[in-house]
Ligand SMILES: [Cu+2]
């Protein structure tokens, strides 16, 4: 009964307030990211580092440090990604944070620059 | 093509106004019937046959285009990114429009290496500009213009971009079609025209354009300045190998290189006129010495390429045709008024042709005495020149909204 009620509530919630059970949980805004979040920088058409490994439950924060807008896009069909998660385009110094709740490998790209490829491995 | 032409043997009054349009013909027939005086008489100053004598009958039929030759031209009008677009079939010998085909959003045209068919990779939506998207390949018979193959591409893989001819291409045996996917990751779609299906999306690195060197090999140009060779099998399994980097990061190659599949020659100018050539015969990329189209003095005077399809290559005479003008930096997509002709092997300049009109795209026919095609988007006109003398010989106007791309076949 409790489970049914929870899912009914979730339907009404906006996308970014995903269930903690989701493998990839997009945090609503930068202030929601804990201080100990793992950092990934975006600059010169690259994610840096391109390959990080974190523990389940860790928040990863991406920061675009250049004028050219970039985003973080987990494409449906990739390993462990059943539903497309397309982050907003980040302007200079804007951030985007995700909590990874389940172990696995998560590939992502930048939507307008699909050659920008990287991944997060969750243990 | 469904142009109904009246093979009229009727009255001069109807012949003069018919102009080949079926609707006009129908109107005229009824008007003629209404205008028949009861007891003979005169219409428009023409005598009527005496009462009792049968009137000649207007008869309509669907015409076919003549058999294609090297001077068959296809002009695509992407119509400034409109959803509905058109492809015009033109007879270069006569400077005459032969037919039109309807196409969808930013279509890519292909023409068979023997000219027997042409087609497009195209995109439509169920509600014109929105709704369900469908990407598909349509192949049309070159004489009837009837569709002979229609293949739907699953998961909408087409790269929707201003038309670059080498983003969609046929293998030399005309049995496979290859097209580029940009997002979510670079890939080349292998479509079997014999099995009428998409065989596989073949993953490729960060590389662009598709130059088939034979039926199982093609080359691409990569972000790092190298070429990629892809060797593929009928099931779409593929091997990939990169070449050396052949140009610097600040040498910007145009989106519209010329490619002769029969010669295995890619001709690739930069924004400043430095022209790279890659020989891919034998499925190996050999980099020919690049030549400068313009001297330092000419560059200082502003001479540089400009337009959409800025380069053409004539295989038999080994000539490179480059569309150029005096221009400001970063106006490389603006039209030009001149074509410079070079010897392919040496880069030696042979001619400078004053086209006499603002030109966006050029192409040449591959016969012994080639025609030079010069397309003006603003004038919606294809100007046909003699490639040797540069003299304009004919033109075809009223080609849609903003015609931009010329396809021919080296048959
Ligand atoms: Cu980006």
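If you go along the chain as it appears here, the first residue is 1 and each next one adds 1.
The backbone N, Cα and C atoms fix where each Cβ goes, and this holds for glycine too.
TrEMBL annotations: computationally assigned, not manually curated.
Note that the structure is predicted; figures quoted are calculated from it, not measured.
Copied over from TrEMBL:
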- A:1-23: signal peptide (SIGNAL)
- A:39-123: domain 'Blue (type 1) copper' (DOMAIN)
- A:70, A:110, A:113, A:116: Cu cation binding site (BINDING)
Structural state census, the domain 'Blue (type 1) copper' (A:39-123) (DSSP three-state):
0 helix, 47 strand, 38 coil
Cβ under 8 Å from chain B: which of the binding-site residues A:110, A:113, A:116 qualify?
none
Starting from each candidate's C-beta and looking 10 angstroms out, tell me which of the binding-site residues A:110, A:116 has the most other C-beta atoms.
A:110
Counting only residues 6+ apart in the same chain, whose Cβ is under 8 Å from the Cβ of residue A:113 (Cu cation binding site)?
A:45, A:70
Could you name the residues, excluding A:70, A:110, A:113, A:116, of the same chain that surround the Cu cation site, i.e. Cβ within 8 Å of the Cβ centre of those residues, in sequence order?
A:42, A:45, A:47, A:71, A:109, A:111, A:112, A:114, A:115
Please report the number of other Cβ atoms within 10 Å of the Cβ of residue A:70 (Cu cation binding site).
25
Restricting attention to the domain 'Blue (type 1) copper' (A:39-123), give the mean pLDDT.
94
